[in-house]
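Novice: Here it is, the structure in full.
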Amino acid sequence: MAVYFVTGKLGSGKTLVSVGKIQDKIVAGCKIATNLDLRLQNLPQVGRFAKTPRVLRIPDKPSISDLLAIGRGNDSYDENKNGLLVLDECGTWFNTRSWNDKERQPIIDWFLHARKLGWDIIFLVQDLSIVDKQARSALAEHVVYCRRLDRITLPFVGTLYSLITGSKMPLPKLHVGVVKYGDSQLSPTVERWLYTGKNLYNAYDTKQAFSSNYDSGVYSYLTPYLSHGRYFKPLNLGQKMKLTKIYLKKFSRVLCLAIGFASAFTYSYITQPKPEVKKVVSQTYDFDKFTIDSSQRLNLSYRYVFKDSKGKLINSDDLQKQGYSLTYIDLCTVSIKKGNSNEIVKCN
């Protein structure tokens, strides 16, 4: 059983990374209970046609009866199949006053024994220091520190960009949760949770306000298929053409620029003059009257310069271009072959 305290400043992505873990658990077929307002159909890996998610919505500040109502998260002994309980705004529960409150004691006892009921738990708090020390010692198995990378300025490059443009260098909205094993920042890092913001923003209410006067009890979310998927109608041809026109109008400048570049590249490629290939004319030589004028060898490569009866110099490279095959014997002996002809040429 794993218990996580997810901490971070306002807007650092505490809820977002928790919704990301909810999505992972739903995909794995696990049970979910949370006090977050979710939109299951907008989870990218779940979609509007999912029929199997089991997600319970519990009150903003659940009582012991609410926690008992959600039952067991996992009936097997495989902890990988544990359900996930996600609770936001837990700072008011685990401060020193609430921890010693006798009315809250049954809830705290339930959290301490949640492992036996097959639940993993994620508590969201703005800062770990507001949690009672005894609560941290008893429950804070893992602490997750959330950061937003788009709020970080790159050394030197970011400063140079700001001086030139007068604005902060834009970075991708990547939310990172650094998971520590223990309640100290010096504790060892066991993993990192990485989630991009855009694909999860629509999956939960980012402006949800939590209240002690929540008027509903525990209830189950409808599966995305029942709430949205069964009402989905495929687009007809006219609707598809309309969407195509909208997207073409939206990206017309970029599209025209891309077409212009592609056309220019195609035209330059077609009209580019083809290089002339020089044809090497094969000649017939009287190798009986050839002698090796000079030769050299470097590792496995060799080169000869021959002299004919008239004193004309011919190198081995020219002979090979004309289709002659040269076989090295030694620096003063070489075999020249072409077709059925095979001649031995030596030094003078």
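Cβ coordinates are placed from backbone N, Cα and C, and glycine is handled just like the others.
Checked Swiss-Prot, it gives:
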{"type": "BINDING", "residues": "Gly8, Lys9, Leu10, Gly11, Ser12, Gly13, Lys14, Thr15", "note": "ATP binding site"}
{"type": "TRANSMEM", "residues": "254-270", "note": "transmembrane segment"}
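In the displayed structure, how are the listed features positioned relative to their neighbours?
Specialist: Under the DSSP three-state reduction, Gly13 (ATP binding site) is assigned to coil, being neither helix nor strand. Counting only residues at least six positions away in the same chain, the Cβ atoms of Cys146, Arg147, Arg148, His175, Gly177, Tyr195, Gly197 sit under 8 Å from the Cβ of Gly13 (ATP binding site).
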Novice: Any residues 6+ beyond the ends of the transmembrane segment (254-270) with a Cβ under 8 Å from its own?
Specialist: 248
Novice: Around the ATP site formed by Gly8, Lys9, Leu10, Gly11, Ser12, Gly13, Lys14, Thr15, list the extra residues of the same chain whose Cβ is within 8 Å of the site's Cβ centroid.
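Specialist: So the additional residues around the site are Leu16, Gln126, Cys146, Arg148.
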Novice: If you count, for each of the binding-site residues Lys9, Lys14, the other Cβ atoms lying within 10 Å of its Cβ, which residue has the minimum?
Specialist: Lys9
Novice: Look at each of the binding-site residues, Gly8, Leu10, Ser12, and point out the one with the fewest other Cβ atoms around it within 10 Å.
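Specialist: Per-residue Cβ counts within 10 Å for the binding-site residues Gly8, Leu10, Ser12 bottom out at Leu10.
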